[in-house]
Ligand SMILES: [Zn+2]
């Protein structure tokens with residue numbers, strides 16, 4: 001389950017950032033998780049529960065912000081909604097769509113106290 005190592009890194013970064021800012025604890029973490037990334041939000045929440053213990057993020061809440069899939073269709077020359085990684089363009093039906101959003105996994109912001 002790669003969500004476990006992902007959450008370990010997120011908690012590491014959160015704790016490090018809190019310390020850099022002279023904060024005692026991490027209060028909340030907000031993540032941007034693209035719908036096209038191969039990351040399961042419920043697994044992330046489960047792993048968050050497991051890895052936060054014993055750190056200064058031990059009480060931190062986790063909020064997951066889902067980012068919709070988007071791509072650039074080379075044939076239509078515009079941004080279109082993308083339902084799957086190598087999905088077809090909803091307008092022209094061709095597969096020359098470059099994913100521009102929906103693949104991310106990053107920390108949007110942190111609250112430290
Ligand atoms: Zn198209």
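Keep in mind that glycine also has a Cβ here, set from the backbone N, Cα and C atoms.
Residues annotated as Ni(2+) binding site in TrEMBL: 2. In the three-state DSSP assignment, the secondary structure recorded for residue 2 (Ni(2+) binding site) is helix.
Reduced to three states, the DSSP call for residue 92 (Zn(2+) binding site) is coil. Sequence-distant neighbours of residue 92 (Zn(2+) binding site) (same chain, six or more apart, CB under 8 Å from its CB) are 73, 75, 76, listed in sequence order. The Zn(2+) binding site annotation in TrEMBL covers 73, 76, 89, 92.
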Listed binding-site residues: 2, 73, 89, 92. Which have a CB under 6 angstroms from an atom of ligand 1? 73, 89, 92
Around the Zn(2+) site formed by 73, 76, 89, 92, list the extra residues of the same chain whose Cβ is within 8 Å of the site's Cβ centroid. 74, 75, 77, 78, 80, 90, 91, 93, 94, 96, 97
